[in-house]
Amino acid sequence: MSTIIDVYAREVLDSRGNPTVEVEVYTESGAFGRAIVPSGASTGEHEAVELRDGDKSRYLGKGVVNAVNNVNEIIAPEIVGFDVTDQAGIDRAMIELDGTPNKGKLGANAILGVSMAVAHAAADFVGLPLYRYLGGFNAKQLPTPMMNIINGGSHADNNVDFQEFMILPVGAPTFKESIRMGAEVFHALKAVLHDKGLNTAVGDEGGFAPNLGSNREALEVIIEAIEKAGYKAGENVFLGMDVASSEFYNKETGKYDLAGEGRTGLTSAEMVDFYEELCKDFPIISIEDGLDENDWDGHKLLTERLGSKVQLVGDDLFVTNTQKLAEGIEKGISNSILIKVNQIGTLTETFEAIEMAKRAGYTAVVSHRSGETEDATIADIAVATNAGQIKTGSMSRTDRIAKYNQLLRIEDELGEIAVYDGIKSFYNIKR
């Protein structure tokens, strides 16, 4: 047993230059843990509350001093004296201390920072890497990476409607080789875009952010890059999309407006038709948030039409919330959940969502946020839970590469027992 003797939070910066919360946990044994909380750009309306100060004279209103003070003045006195290995007890105490259904009093960014830092300190105390401490000796599966190599939507200053176009190197024999394949396609894509006279600047998540004629064109240039890198789309490498359709859903009309393509007023059924057409023309294996988060009828139609052959991931739809996920499972909506630790606010609740998904035959994709840091906790979470898939950006920007590098270290440490399932990690669909 090692008792927590101090908890300290400070304001630091994320990859977009916005403030976020860093927390340190100290124990009587000398064990120590530190964690930094990520932040999203396109957020689901049902997510746990990220507490911002709102003082326009400081960081344009995005400061997190109140969240930091909540850790130092309210949460710290509550959990000092806890055994650092009592993760569930500490998380439960913070949830009760907040007392709201969405962590709106103390802030999910305050609570999550403590939750993650406690886990790091506990792992340090028992002398285990974080993934092994959290997952035990069964933690050995490296996740298939979903690499966002073209950024659009709210993640880039361009005219592309869909938020992310991803490559999935499912044909690699190891995680290390999947990273090599992804990097080679990334560099090939840069050359393809350059040769077409297109912008090769990158967006929030490290992917390229060119202006393109359509969402279809984004898929076409990625196919060209895959072939240029010496791989075959639909065999070595598949495609994925995070549509983030809530960002272009018109609440007044109840329709979808693809402004970049000049197509407005699309119904849910027309959006589903569009996805079906794209899936026939391209080797798309995963679609995230294809309809608005509140368009459950649309999601049901999408699942009926594509759910047997395409992974349909609920991000804004489920917001890492077991109540939302349970409703989706009951109604037969989607077949996968995106896991973002700051959508729910504690590690305990995060693990509960992953476990619920697996029991229902849904996949779980551990994910970063667009506002990231050098913190690589989600890499360990992906292995600890044998989630099978991770979405943590492109092959550029240190805030993204930090997670890939941590996974490379973990694979190296696991040695011969490391598992990379590739295409088999998509157990929710038929290929």
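The backbone N, Cα and C atoms fix where each Cβ goes, and this holds for glycine too.
Going by what Swiss-Prot states, the Mg(2+) site holds Asp242, Glu288, and the candidate of Asp257, Asp273, Asp315, Asp316 recorded there is Asp315.
When Swiss-Prot records Gln163, Arg369, Ser370, Lys391 as binding (2R)-2-phosphoglycerate, the matching candidate from Lys140, Lys190, Lys340 it lists for that site is Lys340. Of all the recorded positions given, namely Gln163, Glu205, Lys340, Arg369, Ser370, those whose Cα is no farther than the 10 Å limit from the Cα of Asp242 (Mg(2+) binding site) are Gln163. Within 10 Å of the Cα of Asp315 (Mg(2+) binding site), the following binding-site residues from the list Lys340, Arg369, Ser370 place their own Cα: Lys340. The two recorded residues, Arg369 ((2R)-2-phosphoglycerate binding site) and Glu205 (active site, proton donor), show a Cα separation of 8 Å. DSSP assigns Asp242 (Mg(2+) binding site) to a strand in the three-state reduction. In this view, Glu205 (active site, proton donor) is surrounded by 31 other Cβ atoms within 10 Å of its Cβ, with every protein chain counted.
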